[in-house]
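J.: Quick one: the structure is below, questions incoming.
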Amino acid sequence: MRFNQYSYINFPKENVLSELKKCGFDLQNTANHKDSLETFLRRFFFTYQDTNYPLSILAADKKTDLLTFFQSEDELTADIFYTVAFQLLGFSYLVDFEDSDVFRKETGFPIIYGDLIENLYQLLNTRTKKGNTLIDQLVSDGLIPEDNDYHYFNGKSLATFSNQDVIREVVYVESRVDTDQKGLSDLVKVSIIRPRFDGKIPAIMTASPYHQGTNDKASDKALYKMEVELEVKLPHKIELEEPQLNLVQPQGQAELVAEAEEKLTHINSSYTLNDYFLPRGFANLYVSGVGTKDSTGFMTNGDYQQIEAYKNVIDWLNGRCRAFTDHTRQRQVKADWSNGKVATTGLSYLGTMSNGLATTGVDGLEVIIAEAGISSWYNYYRENGLVTSPGGYPGEDFDSLAELTYSRNLLAGDYIRGNEAHQADLEKVKAQLDRKTGDYNQFWHDRNYLLNAHKVKAEVVFTHGSQDWNVKPLHVYQMFHALPTHIHKHLFFHNGAHVYMNNWQSIDFRESINALLTKKLLGQETDFQLPTVIWQDNTAPQTWLSLDNFGGQENCETFSLGQEEQAIQNQYPDKDFERYGKTYQTFNTELYQGKANQITINLPVTKDLHLNGRAQLNLRIKSSTNKGLLSAQLLEFGQKKYLQPYPAILSARTIDNGRYHMLENLCELPFRPEAQRVVTKGYLNLQNRNDLLLVEDITADEWMDVQFELQPTIYKLKEGDTLRLVLYTTDFEITIRDNTDYHLTVDLAQSMLTLPC
């Protein structure tokens with residue numbers, strides 16, 4: 001384990017002493033260090049009647065147990081302090097470590113022995129081997145009462161609200177959209193779990209079209225066959241209009257009642273970060289949105305009608321919209337428990353909705369935590385004029401996603417009444433998708449949140465993985481740079497795939513978010529501020545560094561690609577084409593081994609480099625016909641240890657999200673030997689070689705100069721490493737599979753790779 005502590009806040013000494021005293025650690029600033037440590041430890045072991053026993057089973061050094069040490073005349077030393085501290089954090093002395101000073105350096109332990117009271121205070125705020133901070137572990141065990149009131153420690157809310165005796169209710173928010181054109185505003189179901197409290201509390205909201213269930217069978221039937229020819233497009237410039245949103249006004253009167261009338265029972269799933277905040281005094285709201293089970297309307301996936309309906313939930317929390325007790329719309333209930341302040345959470349589609357909500361500039365949305373969220377839907381299902389699929393899901397497109405998320409069809413009555421209209425709406429969607437050309441058009445323009453990024457007022461926290469080929473890193477990169485300069489923005493850029501990171505051992509993500517939300521939603525005045533970029537170092541396990549920016553580098557490193565011309569044959573023998581189509585993983589393996597139709601160029605790294613931004617290929621290229629699909633991947637090549645893209649379980653159900661509440665696995669990205677690691681990749685329709693909005697002819701056998709930017713990333717390379725550039729046509733995981741007989745030729749002498757460093 002390595003310690004990477006970003007959540008700790010430096011407080012004045014008087015605050016430290018006061019907070020310690022409130023937790024029963026009655027330490028005196030004038031006492032000697034040894035006496036203070038003993039006083040601290042006897043309170044620490046509050047679950048024991050006889051505190052001599054737990055002291056006797058800890059060690060001060062290799063020859064002395066801690067009780068014997070306290071009974072001796074020996075002085076407290078730095079070595080003894082560290083030895084005790086590591087044991088309190090769950091490390092076994094003489095098993096996990098033998099020399100505390102060596103272990104301190106190996107783990108990057110954040111505490112430097114000096115002022116003992118401040119050391120002990122920071123120790124309580126440090127994560128244990130099993131994933132909780134020490135103070136959270138003690139609170140979970142009953143250090144302070146579960147009194148349904150707020151208690152703070154180091155600028156973070158503690159788990160002092162009951163997660164057993166909570167209010168579980170359902171309301172139906174009246175949205176400002178009428179997606180199915182029935183002349184009535186759509187209703188959106190809101191599932192609420194909130195702690196009991198006499199005053200007003202903030203809300204954690206997760207906007208998830210998946211929450212009420214998904215129609216997997218209908219979605220699977222809607223998948224597309226990827227084996228189609230690349231379309232030869234007519235040259236033209238794409239014209240677009242400003243997206244429009246038509247809102248509807250509230251209708252009718254509704255009796256105001258004191259409380260919701262529908263009780264929330266079982267929910268399909270919760271997000272463990274939300275579970276963590278519930279006993280800390282934050283309401284949990286789960287909203288599936290229009291077109292989902294128990295709500296009304298069509299599934300409009302990604303457009304501002306869908307976003308508006310989610311926004312209206314925040315409006316209700318602030319008294320600007322109504323919520324009914326049921327579908328009759330006869331009785332309404334106010335969110336009189338809400339302080340109006342909201343943070344949004346969730347990954348993938350959930351993080352996408354956070355991005356979209358932020359771009360409305362809605363009052364009350366204080367923080368978004370957008371994890372692996374889409375910023376422009378075109379870049380999810382298309383790329384540079386090509387029809388593509390999100391990584392791992394070949395054949396998926398917008399209409400199959402609509403079938404997946406239109407969970408109203410899971411209710412037989414809704415299916416009978418509404419499926420015909422839903423299918424008619426889907427036909428319109430299919431026509432607008434333009435799966436034939438892969439071009440950007442008005443349909444995608446209406447689902448581009450970057451156009452409204454200037455409206456964002458909330459503080460923004462992103463998480464994204466360098467190995468996320470589902471929602472590719474371009475999404476967070478573009479959103480990060482499109483945000484107004486005056487707002488606070490932060491990015492946790494890890495080396496995983498499309499995954500959550502709130503339960504990783506190496507980073508205090510939950511505690512950092514706690515510090516942020518306690519400040520922004522609960523009004524605690526602290527100077528807590530996350531760095532702009534927190535980046536997971538790819539060269540070592542469990543190592544995180546603070547960076548000033550993502551991209552925007554002034555310097556670059558250029559690699560020439562060779563001296564000759566090389567060709568990429570597009571067509572495969574039928575046997576190989578069928579084999580790769582059945583299992584794209586086989587294609588990826590053979591591509592990395594140099595066995596596919598490809599140009600492979602090994603590039604020695606002659607000095608240490610820190611890639612930060614978008615690698616760019618400048619290629620002189622020609623096609624043997626009037627079309628061309630170009631794929632590129634940049635690998636670090638060579639057998640060595642690399643971080644793996646999916647977290648592994650270190651210990652099962654050891655993270656406590658409250659007081660024995662929603663126990664969670666502790667995980668981490670493994671660091672183990674592999675033959676290569678993907679650094680970045682990209683895909684390009686050569687007819688869109690100069691601009692996404694400009695379609696140009698390709699003349700057979702005529703040279704073209706192409707500037708091709710790959711996916712943004714942050715990646716460290718060392719002198720002696722090897723980069724491998726792979727150029728090819730069809731990618732059996734991502735692109736359409738055109739097996740026509742043509743080839744691309746690259747003049748390597750007139751081509752180069754540029755890395756921003």
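Every residue gets a Cβ built from N, Cα and C, even glycine.
Swiss-Prot feature annotations, pasted as is:
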| type | residues | note |
| --- | --- | --- |
| ACT_SITE | Ser348 | active site, charge relay system |
| ACT_SITE | Asp468 | active site, charge relay system |
| ACT_SITE | His498 | active site, charge relay system |
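Map the listed features onto the structure and describe their local environment.
T.: Within the same chain, residues at least 6 positions away in sequence whose Cβ sits under 8 Å from that of Ser348 (active site, charge relay system) are Glu371, Ala372, Gly373, Asn470, Val471, His498.
Listed in sequence order, Ala372, Gly391, Gly496, Ala497, His498 are the same-chain residues six or more apart from Asp468 (active site, charge relay system) with CB atoms under 8 A from its CB.
DSSP gives His498 (active site, charge relay system) a coil state; it is part of no helix or strand. Its Cβ taken as reference, His498 (active site, charge relay system) is surrounded by 21 other Cβ atoms within 10 Å in the chains shown.
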